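Only one structure is covered here, and it is reproduced in the block below.
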Amino acid sequence: MSTKEKLINHVMKEEPIGSRNKVTVVGVGMVGMASAVSILLKDLCDELALVDVMEDKLKGEVMDLQHGGLFLKTHKIVGDKDYSVTANSRVVVVTAGARQQEGESRLNLVQRNVNIFKFIIPNIVKYSPNCILMVVSNPVDILTYVAWKLSGFPRHRVIGSGTNLDSARFRHIMGEKLHLHPSSCHGWIVGEHGDSSVPVWSGVNVAGVSLQTLNPKMGAEGDTENWKAVHKMVVDGAYEVIKLKGYTSWAIGMSVADLVESIVKNLHKVHPVSTLVKGMHGVKDEVFLSVPCVLGNSGLTDVIHMTLKPEEEKQLVKSAETLWGVQKELTL
């Protein structure tokens, strides 16, 4: 008899039932691993699968996480370059993609990422046809559109991480300015993730008190408190972090885990995430932009009708037109 047989007396033969809350992260770069760790530390899955084309790095990352298994409640952590390892995932988070090279045009970068997605997305669909697809790779709004087109999934099952992080940065900086915790500072950044994001100043409030009623010039020219600088700091924040440490990872990883939590726990929480906005706020083209959305078990169940000022709506439409200009040139 083996040591195991001497130690353990089997009462019944266990039937494998598979994972109920399996999450896959595609891409084990800085963002992928920060997302994976954040998901594990929040105890959001009973199985975590990692996929990447770089086999040695993937194997090392999986081993590193497995060695910390004692400190986690996720029983199974697996990884492979073969997508069969992702089978029956409930949520698949895509962080893989090409990095922008010096002097490279945005359109060229997007097309390179489209070519990568042409391999990734069909493999995800093959092994997890009922999953919720969350795109994190940049430019996130265009790549969410690409993932939606390539997957053939209904729009409620394809979500972009969008401005969930931009809004978190906004609330953090607002909190610093007011000496309050970010959770007590309410404000939304919508539209395109990044440079042309739109701060909804008309909705900024603390404890239901609209800050724009206290300071009617908030976010506009002539504001002596220069609240406009808060949004500039949100936009510049990522560039600043990249300049200092070479990449962004932790905040986007936590943001991804926040979104995954709302889905797997069916929280019906409202998040600013990238979804198909054609027909909303004057947008005429088939583009994905961030608006407040309800996330739950089925994915994106509802969109909140925002009351935007004409200037805010104009910025949103301008963002949509810019994205469509890039999208219509893509070869899918």
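From the backbone N, Cα and C atoms, a Cβ is placed for every residue, glycine too.
Remember, predicted model here, so these are calculated numbers, not experimental data.
For reference, Swiss-Prot has these:
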type     : residues                       : note
BINDING  : 29-57, ARG99, ASN138           : NAD(+) binding site
BINDING  : ARG106, ASN138, ARG169, THR248 : substrate binding site
ACT_SITE : HIS193                         : active site, proton acceptor
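This view paints the features noted in Swiss-Prot onto the structure.
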| residue | record | DSSP class |
| --- | --- | --- |
| GLY29 | NAD(+) binding site | coil |
| LEU41 | NAD(+) binding site | helix |
| ALA49 | NAD(+) binding site | strand |
| LYS57 | NAD(+) binding site | helix |
| ASN138 | substrate binding site | coil |
| ARG169 | substrate binding site | helix |
| HIS193 | active site, proton acceptor | coil |
| THR248 | substrate binding site | coil |
Item to check | Spatial neighbours of ASN138 (substrate binding site), counting only the recorded positions MET33, LEU41, CYS45, ALA49, LYS57, HIS193 and Cα distances within 10 Å | outcome: HIS193
Checklist outcome for this item: By the 10 Å Cβ-neighbour count, the most surrounded of the binding-site residues MET33, VAL37, LEU41, ALA49 is ALA49
Next on the checklist: Taking every protein chain in this structure into account, which of the recorded positions ARG169, HIS193 has the most other Cβ atoms within 10 Å of its Cβ?
Outcome noted: HIS193
Checklist entry - Quick one: which of these binding-site residues, GLY29, MET33, VAL37, THR248, have their CA within 10 A of the residue listed as 'active site, proton acceptor'? => result none
Checklist outcome for this item: THR248 (substrate binding site) sits from MET33 (NAD(+) binding site) (Cα to Cα, rounded, in Å) at a distance of 12
Item to check | binding-site residues (CYS45, VAL53), the one with most neighbouring Cβ atoms at 10 Å | outcome: CYS45
Next on the checklist: Counting only residues 6+ away in sequence within the same chain, which have a CB under 8 Å from the CB of LYS57 (NAD(+) binding site)?
Outcome noted: VAL28
Checklist entry - Between LEU41 (NAD(+) binding site) and THR248 (substrate binding site), how far is it from one CA atom to the other, in Å? => result 19
Item to check | Lowest local Cβ density (other Cβ within 10 Å) among binding-site residues: ASN138, THR248 | outcome: THR248
Item to check | Distance from GLY29 (NAD(+) binding site) back to THR248 (substrate binding site), taken between C-alpha atoms, in Å | outcome: 11
Checklist entry - How many whole Å apart are the CA atoms of ALA49 (NAD(+) binding site) and ARG169 (substrate binding site)? => result 29
